[in-house]
């Protein structure tokens, strides 16, 4: 596992603060080409009044969103609907995944007030469904599991009718962490596999594919009422047969919901896009996934874990009842 230490001077007691690079571990990597995106991936720039209001509430509560940190292409659409995915435990991740635009380094201490701030923002936005994710916190004994649980509890207390979806890290080598999170009773537990196992060393070197599959399986064993969800990116050099095997692995873990989206390269220092997968291939993946038994599938070039999450959750409940 790669954990990056921040050795620059970020001491708030000094008058000058050294601005550290966002991805220090990638600084010496050779540049990779960034191809122009095809027409089916381009989106409108954000800027509506509702978008501005969402931004104001996020800023007032001093919160971090994965929408901004991960450079999500859907931020204009989602924030215009007052939908935001909150990223707890800071803006700095202890992992160094080759696809991700979130800052890498040694994070600061947890903000004990953050669960309440997230709950306040959820109430102000009037969310019927909220998605909460986090950076990886390998530096914490429980990987941040108790902080997840506290955030869920705070949202429940302030907005009891709001359904809660969490997108968790893998809690690798964090005994009891998953049990803590599941005991907090989120409605949906999402953990993304991100890519097929043959690409893990290059794309997700700090993670273990079958550990992630087992985490999803264990979550359902701990509480069968929870909906489980996972997502992957395509365009990283995977074969179709590998994606189909991944679907089988997730179904063997009784995962309910699969998302598949196009990988988009954040910078020249990140993993290159090996291929822009056309929309008809996403449609084929969706049909195959439904045939394999998933309750819900979202497979489009712009699909992301929390995109249309509220609408998808309502469909999930209806399909389980059917």
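Glycine residues also receive a Cβ, built from the backbone N, Cα and C atoms like all the rest.
Lifted from Swiss-Prot, the feature list:
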type: REGION; residues: 1-36; note: region 'Disordered'
type: COMPBIAS; residues: 14-34; note: compositional bias 'Basic and acidic residues'
type: BINDING; residues: 67, 72, 78, 306; note: [4Fe-4S] cluster 1 binding site
type: DOMAIN; residues: 79-295; note: domain 'Radical SAM core'
type: BINDING; residues: 93, 97, 100; note: [4Fe-4S] cluster 2 binding site
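In sequence order, 194, 203, 204, 205, 206, 207 are the residues of the chain that are 6 or more apart from residue 97 ([4Fe-4S] cluster 2 binding site) and have a CB within less than 8 Å of its CB. Counting only the Cα atoms, the space from residue 100 ([4Fe-4S] cluster 2 binding site) to residue 78 ([4Fe-4S] cluster 1 binding site) is about 20 angstrom. Residue pair residue 93 ([4Fe-4S] cluster 2 binding site) / residue 306 ([4Fe-4S] cluster 1 binding site) shows a Cα separation of 19 Å. The predicted model assigns the domain 'Radical SAM core' (79-295) a mean pLDDT of 95. Counting Cβ atoms from all protein chains shown, residue 93 ([4Fe-4S] cluster 2 binding site) has 25 others lying within 10 Å of its own Cβ. Around the Cβ of residue 78 ([4Fe-4S] cluster 1 binding site), a 10 Å sphere holds 23 further Cβ atoms from the protein chains shown. Sitting within 8 Å of the Cβ centre of 93, 97, 100, and not among those site residues for [4Fe-4S] cluster 2, are the Cβ atoms of 95, 96, 99, 101, 102, 104, 135, 136. Its Cβ placed at the centre, residue 306 ([4Fe-4S] cluster 1 binding site) has 27 other Cβ atoms within 10 Å.
For residue 100 ([4Fe-4S] cluster 2 binding site), the count of additional Cβ atoms within 10 Å of its Cβ stands at 23 [all protein chains shown].
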